[in-house]
Amino acid sequence: MVEHYHSTYYYEIAINIPLNKLFFYKFNLNLEIGIRVMVNFNGSNKIGIIIKKYFENEFKEKFEFKIKEIIKIIDTTKIITEHNIDLAHWISKKTFSGFGETLFFGLPQNSKAKKNQTLPSINEHPDHKKCLELNNEQQNIYKEIIGSEKTNVFYLFGIPGSGKTEIFIKLCEYYLALEQQVLFLIPEISLGYQIIKRIKYALNMHHKIYEYNSKVPNSDKNLIWNKVKNGESLVVIGIKSVLMLPFTKLKLIIMDEEHETTYKSENIPRFHSRHISFFLQKKFNAKFVMGSATPSLEAYHAMKNNQIKKIIMQNKFSQSKIEDIKIINMKKEPSTISSELLYSIQKSLNEKRQSLIFINKRGYLKNLECNECGHIICCPNCSFGLIYHKKENKLLCHYCSYKTKTASHCPQCESKDIKYKTYGIQLVEKELKKFLPNAKIARIDSDITKIENIDSINKFENKEIDILIGTQIIAKGFNFENIKTLGIINADIGMGLPDFRSGERIFTTLSQIMGRAARFKDDNIIIIQTKNPNYYAIKYAYKNQYEQFYEEELDIRKKLNYPPFNKIIRIIFRSKNEESAKQKCWEFFEKSKEFLQEEIEHLGPSEAIMKKISKNYRYNIIYLSKSYSLLEKLVNKTKEKVKMTSTVYIEIDYYPISLI
């Protein structure tokens with residue numbers, strides 16, 4: 001709202017830049033806090049948001065610098081609320097990001113909806129409602145959550161297929177009936193289709209269920225943003241940007257598949273969705289319900305310490321079971337696909353049943369390695385081996401997308417004795433087509449377009465495909481009713497990585513993908529292929545021993561002082577000049593010694609495990625402490641003493657998911 005008074009008003013404005021400060025501008029109209037304006041910043045026009053307002057008579061002394069005029073008013077009413085400002089302050093402080101860039105994160109761009117525009121809500125079968133029936137266990141859990149007065153944070157800890165989603169949907173129905181707002185977090189955009197499809201058939205409220213993510217048109221995002229800001233009752237489904245909506249009546253937060261690493265933003269601001277959800281839960285006194293068959297170790301530890309109410313779901317919603325689980329030691333197998341797995345797939349085909357093959361790698365084969373000198377052909381921009389992709393007949397870097405022709409000889413010793421080591425999804429596809437020429441086979445991974453992936457998934461659901469091969473995407477949220485055989489290839493991928501979460505990742509991935517085969521039928525067969533059958537994460541996943549894995553992993557982390565027993569901050573220095581990155585990393589460390597205390601441990605300075613990515617050399621320091629405030633003080637105080645240059649970029653990650 002703009003009030004027309006003839007006077008001069010001063011405004012502190014947030015601009016989308018990586019600085020944690022506001023900037024003074026003036027205007028001759030009384031503008032509302034929270035609206036967007038156009039300003040001149042360092043010679044270029046930028047959009048800013050008014051955060052504070054001052055009257056001319058509030059300043060007794062004149063400014064020592066010239067204050068520029070606001071160029072243009074963009075909004076007639078505020079686009080953000082006090083809640084958005086509070087949240088941005090909290091995130092920027094916690095993640096060491098600029099206040100302005102944090103405030104703008106998730107905000108729809110300035111665009112206007114078309115006249116009479118309607119939102120793309122779920123409207124395929126608007127008159128159809130499938131009655132959502134809960135079993136006794138689900139009904140008791142549902143009543144416990146909505147009836148609890150003292151406890152507001154819950155975790156549904158149940159094996160895949162135990163019926164967590166049905167409880168989530170029932171909770172959505174309850175809070176919509178109370179005219180409240182619901183935030184439904186999912187780990188990937190691709191899962192939105194599955195979740196929405198299930199809600200659609202359970203509730204006749206298609207006009208109250210929306211997606212909010214980077215794929216949604218900007219005009220639609222503006223409409224959803226305003227609906228939330230105006231207090232309309234709805235369910236909004238999204239990943240990270242959805243957390244920034246201007247909620248006013250938020251009473252339920254759902255976090256499906258809480259363990260997924262995609263909830264952590266790897267771009268500025270580098271927050272974790274779980275941490276912001278806790279902030280929102282306290283702010284709105286909402287219920288926060290997480291769920292997973294494989295909780296993150298941090299969540300499990302919090303449940304163990306009674307910081308989160310653990311609700312164990314004992315029963316499987318579909319009452320299915322796994323008939324047989326086998327581990328195949330691939331050291332004794334000559335082929336990519338073991339004879340045991342091939343036999344099981346053929347048997348499934350004979351019974352008109354389907355097979356799901358999971359492989360933890362993209363690409364056709366992995367590294368191109370010289371048998372003479374052992375040299376691995378790497379990306380010239382990154383310290384990472386190039387991977388062969390058959391469709392393009394090229395070597396591709398999965399970090400910076402560098403492409404080159406396949407090599408005929410070793411660039412190190414000129415030997416022609418070079419071979420591809422290990423294998424990927426495209427080779428598995430080729431092998432299956434060779435052994436089973438009459439089977440209908442498809443694969444889904446991130447090398448294929450989204451439309452092609454969705455088409456393959458739909459065909460598999462409709463039993464038009466016999467064998468579906470996939471990478472990580474098939475471990476996340478899909479329910480296939482006609483599976484007989486599940487094959488897991490390369491179960492131990494990641495085992496040798498120098499990363500404290502590698503064991504947890506392997507256990508989680510195996511447990512989740514095994515759950516895909518155990519939902520509907522009661523004669524499923526799972527075959528796990530590995531060269532390390534005794535590795536603890538594989539062993540516990542194979543035996544379905546969840547609690548035992550978590551206890552052993554906690555013991556390992558405690559001995560190493562890693563999370564959840566310590567807070568961790570990783571600082572990466574990257575530059576196209578290796579010496580510059582190295583020097584700045586060491587300079588930061590030397591300056592930080594002034595603030596190092598006994599309670600703070602450090603690793604480094606050292607080269608990052610992935611030393612070079614996209615032509616940038618990387619050096620890092622890792623700080624650990626039980627007290628986050630000590631780490632926060634150390635980083636902020638050291639930053640003040642270190643002069644940064646345009647040739648070295650610093651990344652501060654307050655909660656690193658990976659140390660690679």
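In case you wondered, yes, glycine gets a Cβ from its N, Cα and C as well.
Checking the ranges 256-259, 264-267, 272-275 against Swiss-Prot, the motif 'DEAH box' annotation falls on 256-259.
A distance of 14 Å separates the Cα atom of CYS410 (Zn(2+) 1 binding site) from that of CYS379 (Zn(2+) 2 binding site). Cα spacing between CYS373 (Zn(2+) 1 binding site) and LYS164 (ATP binding site): 53 Å, rounded to the nearest whole number. Looking only at Cα atoms, LYS164 (ATP binding site) sits nearest to CYS397 among the binding-site residues CYS370, CYS379, CYS397, CYS413.
When Cβ neighbours within 10 Å are tallied across all protein chains shown, the highest count among the binding-site residues CYS370, CYS373 belongs to CYS370. Cβ contacts within 10 Å of GLY163 (ATP binding site), excluding its own Cβ and spanning all protein chains shown: 19.
Cβ-based neighbour count (10 Å, all protein chains) for CYS410 (Zn(2+) 1 binding site) stands at 21. Secondary structure from DSSP puts CYS379 (Zn(2+) 2 binding site) in coil.
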